[in-house]
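*Asks:* Quick one: structure below, then a few questions.
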């Protein structure tokens, strides 16, 4: 996943689904779905560990209040025979080996993207995607014979599988081709070479095996397998694969979205599924936490300019000294997190509170009361923010990540600057954060006799004498509003279908029946995916990879790998989703 850095206890759950690190503008999405006692830190996949909240008092179920209603498992009906046939095929060792080779072969074609990539056609590092396209062509012949393929901006891949009914909004499945680079100094730390795609009989090893070639190859494997069974869709299916999601997404996802908007128009897709979180055991229950929103992003550059000179005759405060005082002001006044009803974080807490089997009784009661009592909501907020991970998830964060000033020890610095990074809560905005940053420094600008310009507006009173200048700007023009929140109520047919598909996939892969083997909860991502470019295409955007949190490891680091059975389950999920969406009449 990607990092939106464009220039770059009582049981409370958090599903962390991270994505990757970019320049200073977005951070790979961490889908931290607040849920029981879990704080999962990985991208796309999740890794659980029971948090401090699970310890302590007795447990009980909230049976008297359905604060997180669940869909039933949804199995294909009209396509039942096809789905059952494919299910039997997915259960065979021969199919596992086929899936392993599909993904392992993709890993063996390096597709690294870098923050400092030059223009396409000039920087030869982009050319790595050519061989990858050749691999896809050879590996998925029916897909390339049947689906219309458009290459966007040279390396973006847009596949269109035409349905028989143009009245139905298409399904959009997204993934990205690029991977984060392998640090050459760590190659000897890998159990198997990073681009070997090695299969040890249990795991597939290599860069991209989880993020995000498993998603991309999982989608294409589903399509290829359906084509082998002569499936012909009623509803059009579109596949969009970017190639710079790990950096900025401007060359891949952004350009793909422009083509899709021009051809299909706004709000033209029924559902969009892109990389995201998976499922994990939380408080004795298995809970899936699809990302239904993403935090916003803003980098505030704080620049102090003062007169230079020889350091033997210094002023009371140099630009570095003044900047230091300003930064202390930031850290002494963090933005207060506020838990609000209707936000993805609150919805996750409700779902965990209702469906986690082992959950502290006092928190269950507090969650239930918080649905109608403001006092209980504030008490719940107080409990949650005791944990730093939850605190960061609930509100807008700030982190001073960059600082620079001075060129020589005996020369007064004429300029010093720092960058404060913000991940913006869904209920806030870039402008609100910028206003807050402005307000918090006004009195210090006056104290140090600085003229003050904030985001293009002159804050200094007319005629006021100044001894220097304070400037706030949007560093790298990286501001990104929080993503629109995907509807997840009982009337949201796409969400209900997705939830039912998750349950059907989980059950069928394990030979289970019933709707209570896995629960589905909305979640939020603190970082960003290529979906940031797709907001206009649909109101129903979900960031989800059907994968167990404990089965995917080392994303973006040494020894990235995925369990083969987990990958087969992903293929089963995409197949079930395609068939369910194809036959629904609800949207």
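Keep in mind that glycine also has a Cβ here, set from the backbone N, Cα and C atoms.
As annotated in TrEMBL:
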type	residues	note
ACT_SITE	178	active site
ACT_SITE	245	active site, proton acceptor
BINDING	176, 211, 274	Zn(2+) 2 binding site
BINDING	211, 246, 556	Zn(2+) 1 binding site
DOMAIN	292-447	domain 'Peptidase M20 dimerisation'
*Asks:* Hey, which of the binding-site residues 176, 556 is the loneliest by Cβ count within 10 Å?
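*Replies:* Minimum Cβ neighbour count within 10 Å, taken over the binding-site residues 176, 556, occurs at 556.
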*Asks:* Could you measure between residue 176 (Zn(2+) 2 binding site) and residue 245 (active site, proton acceptor) for me? Cα positions, answer in whole angstrom.
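*Replies:* Answer for this pair: 6 Å between alpha carbons.
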*Asks:* Quick check: in three-state DSSP terms, what is residue 274 (Zn(2+) 2 binding site)?
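*Replies:* It is in a strand.
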*Asks:* Tell me, what is the mean pLDDT of the domain 'Peptidase M20 dimerisation' (292-447)?
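*Replies:* It averages 97.
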*Asks:* What is the total of other Cβ atoms whose distance to the Cβ of residue 211 (Zn(2+) 2 binding site) is within 10 Å?
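*Replies:* Taking all protein chains shown, residue 211 (Zn(2+) 2 binding site) has 33 Cβ neighbours within 10 Å.
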*Asks:* Let me know the most crowded of the recorded positions, choosing from 178, 245, 246, 274 and counting other Cβ atoms within 10 Å.
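*Replies:* When each Cβ's neighbours within 10 Å are tallied, 245 leads.
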*Asks:* Using C-alpha atoms, which one of the recorded positions 178, 211, 274, 556 comes nearest to the residue listed as 'active site, proton acceptor'?
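*Replies:* So, spelling it out, the nearest of the recorded positions is 178.
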*Asks:* Check residue 211 (Zn(2+) 2 binding site) against DSSP and tell me helix, strand or coil, would you?
*Replies:* coil
*Asks:* Considering Cα atoms only, can you say which of 178, 211, 274 is the nearest neighbour of residue 556 (Zn(2+) 1 binding site) among these recorded positions?
*Replies:* 211
*Asks:* How big is the gap, in Å, between the Cα of residue 246 (Zn(2+) 1 binding site) and that of residue 274 (Zn(2+) 2 binding site), rounded to a whole number?
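*Replies:* About 14 Å separate the Cα atoms of these two residues.
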*Asks:* How many Å lie between the Cα of residue 274 (Zn(2+) 2 binding site) and the Cα of residue 178 (active site)?
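*Replies:* Rounded to the nearest whole number, the Cα-Cα distance is 14 Å.
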*Asks:* Taking only the Cα atoms, work out how far residue 178 (active site) lies from residue 211 (Zn(2+) 2 binding site), in Å, as a whole number.
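*Replies:* So the alpha carbons of residue 178 (active site) and residue 211 (Zn(2+) 2 binding site) sit roughly 9 Å from each other.
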